[in-house]
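Q: One structure, pasted below without further comment.
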Amino acid sequence: MGTIHLFRKPQRSFFGKLLQEFRLVAADRRSWKILLFGAVNLICTGFLLMWCSSTNSMALTAYTYLTIFDLFSLITCLISYWVMMKKPSPVYSFGFERLEVLAVFASTVLAQLGALFILKESAERFLEQPEIHTGRLLVGTFVALSFNLFTMLSIQNKPFAYVSEAASTSWLQEHVADLSRSLCGIIPGLSSIFLPRMNPFVLIDLAGAFALCITYMLIEINNYFAVDTASAVAIALMTFGTMYPMSVYSGKVLLQTTPPHVIGQLDKLIREVSTLDGVLEVRNEHFWTLGFGSLAGSVHVRIRRDANEQMVLAHVTNRLYTLVSTLTVQIFKDDWVRPAVLSGPAAASVRHFSDHHVISMPLLKNTDDVTPVTSTPAKPSSPPPEFSFNTPGKNMSPVILLNTQTRPYGLGFNHGHAPYSSMLHQGLGVPGIGATQGFRTGFTNMPSRYGNSSRIGQTRP
């Protein structure tokens, strides 16, 4: 006997997991209508393919491909319902919204591949045109048209509805819109139907049915069989032109690009965030489309040291949440860096001590000889102030100054108060030379004698 694993879960196969998720979707009553339309679609597609073979019509075959595209749209609608039921997991932290984007992209690309196949077959038929039987050509046209329109108008397909409005218009929509403006100028009541632009799926169904009706009439009147191939080319071009903008839009979503129509709004919100109280800088901002109608983004915000992190985070999230539904904000406080004045141990960036002045600050034990000039008098029991104006340092560690000058030391003994505004731009300075770059400190002008050695009149070696 083998080892018995008491707590080992049985591993399900891929088809087992797929069946489990299908049962989850089928439990929702909203999906019953979609499953019913899917079953009717399979039956209609089977009959249409048989009629295409009996009539030998390439135009009817191209129109039947639109019925197959309706089946893909129904599957996309089922995936959309499944995405709404599923919650984000540790593996998929952003959820499964991109799956419906992938479904739309795959459906439109397959429709374009079908159109390219029709174009290839039509090019071969132009060389040798076969005879077309019109017995069931008109019947198949009306069956396909009625089912396509009934499916598009009865099922609320949110992914394709969003893509058809957000994507750019096709050439067929633009030409129909021009004709609609002229027609609505004569009959204003039709503006609610034809303007601003028609549904691209309804439009291509009507245009394909119109091309098949013309084909039927010309073949019945003049036995002009080449018109069937021309109608197939026209339906394929209309299909390709309608699906191409949708595949481009969904492909950009999959590539995590920022939608062009929201870039201006995002720039405005970033400027508003940068003017919030406590915010110093907004950088490394990145925004992308997570799914249809949902944006995700991340941003780094640098704030003042005395600012409240939670308050700034709440304000930044409140401003950006109007557009960005999934937002990650990294807040870090401003870190004061002192590149010119380094106290204590030498930093790793100080590589060459020949470029720096090392000034040893002795401890002044006799406090009576020193008259500090400070805003508040120092008490004997209190420690000396860390920052004081023109006061020699007490209990200070050695200070390393960046050497940016090569002139000799002067004889200046300048005492007195240094203005507070200059403390933000002045650091420790060498007498007679001037102040070096640094941050606020109280040692702006120091005597030329430090300790026991005097460097009066000497040049730096």
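FYI, residue positions are counted from 1 along the chain as it appears here.
Using N, Cα and C of the backbone, Cβ positions are placed for all residues, glycine too.
Here's the feature list from TrEMBL:
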DOMAIN    35-255  domain 'Cation efflux protein transmembrane'
TRANSMEM  32-51  transmembrane segment
TRANSMEM  63-84  transmembrane segment
TRANSMEM  96-117  transmembrane segment
TRANSMEM  137-155  transmembrane segment
TRANSMEM  201-219  transmembrane segment
TRANSMEM  225-244  transmembrane segment
Q: Which residues of the same chain, at least 6 past either end of the transmembrane segment (96-117), have a Cβ under 8 Å from a Cβ in it?
A: 62, 65-66, 68-69, 72-73, 75-76, 79-80, 82-83, 86, 159-160, 163, 236-237, 239-240, 243-244, 246-247, 250-251, 253-254, 290-292, 294
Q: List, by number or range, the same-chain residues at least 6 past the transmembrane segment (137-155) whose CB is under 8 A from its CB atoms?
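A: Non-local partners: 33-34, 37, 40-41, 44, 47-48, 51-52, 55, 57, 60, 63-64, 66-67, 70, 73-74, 77, 199, 201-202, 205-206, 208-209, 212-213, 215-216, 219.
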Q: Output the single range from 32-51, 63-84, 225-244 maximising the number of Cβ pairs under 8 Å to the transmembrane segment (201-219).
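A: The stretch with the most close Cβ contacts to the transmembrane segment (201-219) is 225-244.
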Q: Who are the chain neighbours of the transmembrane segment (63-84) in space, where the CB to CB distance is under 8 Å and they lie at least 6 residues beyond its ends?
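A: Residues 21, 24-25, 28, 30-31, 34-35, 37-38, 41-42, 44-45, 48-49, 52, 95-97, 99-100, 103-104, 106-107, 110-111, 114-115, 118, 140-141, 144, 147-148, 151-152, 155-160, 204-205, 208-209, 212, 235, 239.
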